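Take a look at the structure set out below.
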Amino acid sequence: MGRQRTEATESLLVRQGNDNLVYNEENGGVGDGGSVAVSDVTTILGLSTFVATCIAFGSGCAVGYSSPTESSIMEDLGLSVAEFSVFGSILSIGALLGSAISGKITDFLGRKLTMWILNLFYIGGWLAIAFAKTPWLLDLGRLSLGFTVGTFTYLMPVYISEITTKNVRGRFSVIPSLTVGWGISFMYIVGSFVSWRTLALIATIPGLLQLLPLFFIPESPRWLAKVGRDKELEDVLLCLRGNKADIFNEAAEIKDYVESLKSFSKEGILEIFQKKYFRPLLTLVGMIILMNLGGANAFSFYSGVIFVSAGLSSMVGLITLATTQTIVGVLGIILIDKLGRRPLQLVSTAGLCFSCFLTGLSFLLKESNWWDQGSPALAFIGLLVYTGSYIVGSGIPWLLLSELFPINVKGSAGSICNFMGSCSGWVVAYYFNFLTEWSSTGTFFIFSACCAANFILSATMVPETKGRTLEEIQASITQSLD
């Protein structure tokens, strides 16, 4: 069986026909002199990415909604602090539920149908909040949004990586991470000028914008191969690569690899714990947990305090953060398929470590009365560096998740990673206030240590995946660990 598996995976790494008929994906097709080049970027691929970015922007809106609306919601509905705390935190409960089943639901229903369902949950959640007269309806809407956020975190990078070519897979997969930050900033800014009900109605726009494009975007070709819909697979590849593109070799590679997986492995949650998958699974779980323990939620919570201490208004601070996110995020999108995932991950974790240390140092100086005038500036610089570093690397673990695991275990791996990420994010959000009461300085130094651990993990365990097809990546990992 091991020999059969090795031969099957080796045959996927190089596919060559007779005479001068050699497939070259990078140059765009079959080099027989008369074929049409495969296009890395097509209108349908752009439309599919637009749908993904809408969902990502909407997730950012859900995360950023409670902060600017807290006082007005409590006043209008007569909520106590405890009731509003339930409203704010129930998003995390919904995210935990969504993350726990995200892999399985996308495997069972397909990527496209899952997007339809998420969109209904998303629009329905905001409408429930906008027209809520009682706390339970408010909480139900927030729970629905949390489910959307939790499922989206896994679905989007997987879907985009499965429809793109190896030359642009990285940059298209990390675009949604950038728009999440835009959604959060959008809520903070617009929420300063409109009522909480109006803000909830405005937040439905990303969902409404998806309704028409969802009819036209394709299903994942890898998922179609998995469920045996080979004819649709070829039609989808033509749609994604161009109607006149030669997709014969790409379609054959996908189908052969999926068939080889079926011949020597089964689906199921226990399959992911095989030796060949356990190391990449452990690496990704560690990266995601350490990234969350590095204080992403804490910096979001503390940003307003840091703005004020630095002598800036919240509006100016938010615009500065959004500008930093955009510039650094676009730079990361450009570089990820040129430099690779691993270098950007190392730069990101090093920047996170430095920024947390800088912020902790600013609190130490302030508490010790050593540099009262300069410590707010240090905190603000730390916040900007953290924001830029986070936006560069936040999508890389999820991109690697979509690249490293074959489709028969990707759902199980996604559910595990997503659930562990949601749990660790909740832990930081819940205990952050207790930690700062103990010591703000110590809290951010702990965050810095977690980021340093993430740097070491990334430097020693993370493989490079740029410039290779998904089948090549997964076959090489299977061979090296067998």
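Quick reminder: no glycine exception, Cβ is built from N, Cα and C everywhere.
Over in TrEMBL, the protein carries these features:
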- 48-466: domain 'Major facilitator superfamily (MFS) profile' (DOMAIN)
- 44-65: transmembrane segment (TRANSMEM)
- 77-101: transmembrane segment (TRANSMEM)
- 113-131: transmembrane segment (TRANSMEM)
- 143-160: transmembrane segment (TRANSMEM)
- 172-190: transmembrane segment (TRANSMEM)
- 196-217: transmembrane segment (TRANSMEM)
- 281-302: transmembrane segment (TRANSMEM)
- 314-336: transmembrane segment (TRANSMEM)
- 343-365: transmembrane segment (TRANSMEM)
- 377-401: transmembrane segment (TRANSMEM)
- 413-432: transmembrane segment (TRANSMEM)
- 444-462: transmembrane segment (TRANSMEM)
Item to check | Any contact, the transmembrane segment (172-190) to the transmembrane segment (377-401), with at least 3 Cβ pairs under 8 A | outcome: yes
Next on the checklist: Can you tell me which recorded stretch out of 314-336, 343-365, 444-462 has the most Cβ pairs within less than 8 Å of the transmembrane segment (377-401)?
Outcome noted: 343-365
Item to check | Integer average pLDDT (0 to 100) for the domain 'Major facilitator superfamily (MFS) profile' (48-466) | outcome: 86
